[in-house]
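Take a look at the structure below.
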Amino acid sequence: MHDIKAIRDNPQAFDAAFTRRGLAPIADSLIKLDETRRAAILESEKAQARRNAASKEIGDAKKAKDNARADALMAEVAELKTTMPALEAAVKEADEALKKALSEIPNLPLDEVPEGADEHGNVDHHRFGAKRDYAFTPKAHYDLGEALGMMDFEAAAKISGARFVVLKKGLARLERAIGQFFLDVHTGEHGYTEVNPPLLVRDDAMFGTAQLPKFREDQFQTVTEEVRRRTIVEFVSSAMKLGASATDAGGSEFARQLANEELVDFSYAKMPERFWLIPTAEVSLTNLVRESILDEKELPMRLTALTPCFRAEAGAAGRDTRGMIRQHQFTKVELVSITTPEQSKDEHERMLSCAEEVLRRLGLHYRVMTLCTGDMGFASQKTYDIEVWMPGQGEGGAYREISSCSVCGDFQARRMDARSRGPDGKPRFVHTLNGSGTAVGRALIAVIENYQQEDGSIAVPDALQPYMGGLKVIAK
């Protein structure tokens, strides 16, 4: 969320940064919404002030036994009492319109972020290691996993449909080992505090980290059947104005049938009992400081969690339809930092190095890309993507994203009202950062494809062998 005062004070600078994302200037329209809001507030405050003054004048008139003036003032107060709800409603409407507009526009890129329209504008920052040489043609992880009898997409489809997998035996254990290894390094060496957060969160948590409202269709939501039906009945009843004809049994019955037939898109209805399945532990971890004022002596605060993550991937039809690259459910180790504004730049570099370190210890070749303005995430000011080499992808292998490390400035903090208090005692918004440390499922793919052997077995990286009971090779 952006500061409307900063936009008012320097609209040209705001638009200059905003248009670097390939978007049209927007400062003028935001300022107009703010002017409407401020005018509505002024009218409401003037009416309230006049009502207060008139009420006092009534007492003075009565003391002076000026009944005519007292009657006129009472009539004025009565009229103000009638008109004020409309003025207050206008304030609320204008305020919500501005907040809605601000909530739907992305963060501004830092000046150092390279300009570009899409992923082709990303810049190769640095690389680690080299591609492995094989005396055979490397296979894809799904071919290897299915041949081992440890990766079952058909069984998953029977249970849950497409984009799910059942892992068994050695590969199930290997995935667990990877997650535990990542956590141990981040907590034992990198100073992160392990958290076991909720996987189901409410609307305001998703809004705080900016998954809502823009990316609603990419998320899974859950609500009880009772609440769903009640909400639809209330929604339809209100829409049909059935309250004015409560005896209209036919109308009420229609609403009930509509709820049962699931004919209403209720995703935008007010549903306080709805939950969202987290698309990343960033949501749960970052919202731990929502509506808080932290002591800056406690910052930076570093948190990590190993959780399942859930994504509908509504915009991914036809992409990565085979294998585990793009799943509705996957496991990920998340890194979150809460910092002061002065700390966030250095913390971003530190977070990247923490994510890199676990991949280095697995002996995986990767490259780090600085995302351009047209490819960075909605809430990000600057993002590094780590792309790991997967020799079984496509023709001759491919780099695939395994981690994104982003600094968000105070963009999320404003949405969450997360602040800190420094030595001067004045509260200010914190800065938030998040990164994958890393995606466990994709790390599993990278290990399978990079450590495959000609007979189809998988060598276990040295760093993971203690987590595998000393097992060195996963074989059929």
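In case you wondered, yes, glycine gets a Cβ from its N, Cα and C as well.
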* Swiss-Prot has Thr280, Ala281, Glu282, Glu334 down as binding L-serine; which of Ser160, Ser420, Ser436 does it also list for that site? -> Ser436
* **Most distant Cα pair in Å, residues Thr280, Ala281, Glu282, Glu334, Ser436 binding L-serine** => 9
* In Å, rounded, how far does the Cα of Glu334 (L-serine binding site) sit from the Cα of Ile402 (ATP binding site)? -> 12
* Asked: Per DSSP, Glu282 (L-serine binding site) is which: helix, strand or coil?
  -> helix
* C-alpha of Ile402 (ATP binding site) to C-alpha of Ser436 (L-serine binding site): distance in Å? -> 8
* To do: Using a 10 angstroms cut-off on Cβ to Cβ distances, just flag whichever of Glu282, Glu313, Glu334 is the loneliest among these binding-site residues.
  => Glu313
